[in-house]
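According to TrEMBL, the features are:
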- 44-231: domain 'DH' (DOMAIN)
- 260-359: domain 'PH' (DOMAIN)
- 382-442: domain 'FYVE-type' (DOMAIN)
- 468-567: domain 'PH' (DOMAIN)
């Protein structure tokens, strides 16, 4: 059947009527019908058995390399006292027994059977007879992690040990593959038997006498394959760890069996103080997040680890930014990072794996008092405030410059940051903190307790973002159409929905002015050189306020809210997804006001 199928496959197009009669067939269609039945099935079974034999021969060659080349030469060197013999035994485990079994029993049995295939077309009986011996792989797989650790350890510790391995790996017989790669072959071999045997059973007729033996051998092999699959996954993970280890220039603690790579990739990190960004490389493991920066290298892309953030207690926060889309924040005890993904999908992927791993999706942007000093805060950016967030005095470049509290991340003046306290997230080192955080961390007094006799001014209301406001965003504002407009942060708070607050920046703690909306008239401004079509105004008696939105859509959203407020109706909360929201959530400690 094999011969005729080969003739049919390659020469059918040349078969004529005369050759059909010579083979006692009426036409080509009858030949096709004949070869599409049992001979085809027998051919497929023969191909599977042939593949098993061919791969077995190649596998025995690899076992010889492990047992008679690597192991033998290392054992000979160990006999000279260069390194302990137990190290070699610990690395190669029972590979000698595995080599003997395959070279002296399984391979000869398959070769004999394939030579007798015409009279005995079966392999199930041979595998059923020898499959129980595959249980010896359990010892090899169980020792696999320890073998990899010993191999790595002694290649670094012993120059002679490493030289022998490098010399053998450079030989043609190794095929430019490492010893670790060849040691993985015994782990991969048992699943290969399982795959071929399953394919063999699919092609085997239900009433074939070899079926019961083939099913019996498959059950035995499947049990052995379960352990091998686990080791394969570990080896694949180990390869990834080795690649990262080399990419980071030999960073310690990377190549560890307990480390599992979750996600890696390039991403933008937004600066803490301003709106600039820097391209970094983020690597997320099951126990830590590595923030890496590029470094110059002539041998491929390399990175340096700038910060390690522990996964334990790590939190993730979705943010919105005027200048940068697809941003999110990762907050750990050691560092808080604000990141920009390449797309919305990439952002969702990072947030998903971070949350599922062990983190929490932060629903609130308020920094909890009990976490003060234990977790690195997100720094409020310089351009998000125009005044000290504690004493509310305006900043200027000469006498009142901006400083950051290392405990809560607030932007404060030099007077309000003239304190130092030890912070746990920074190894209990002394750091510059604001007055309120200093009192909280040192326990000298409760900074949230209001000073007796001091009342809060009507404008001393912190700016709101979308979570606590009916609507907020940037608008151009002026009270005189002949004067240039000023860009202000406008907020209609949820607790005071009939009042419009105007701030210099999104994180200011004191408003520049307020506009009680009840009784105002809302009017569209006629298009002119001074006022574009996205302008509108509020007028009451002699008081007039001109506003200009960035887009027509933003203008209509503000008009929809203000038109209800001016007649005393409570407007519905607006939560747009575009860029007119704040540059991220305000994360800090309440200042007691």
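Using N, Cα and C of the backbone, Cβ positions are placed for all residues, glycine too.
Caution: TrEMBL annotation is automatic and unverified by curators.
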Using DSSP, break the domain 'FYVE-type' (382-442) down into helix, strand and coil residues and give each count.
14 helix, 18 strand, 29 coil
Stretch-averaged pLDDT - the domain 'PH' (260-359):
82
What does DSSP give as the helix, strand and coil breakdown of the domain 'PH' (260-359)?
14 helix, 50 strand, 36 coil
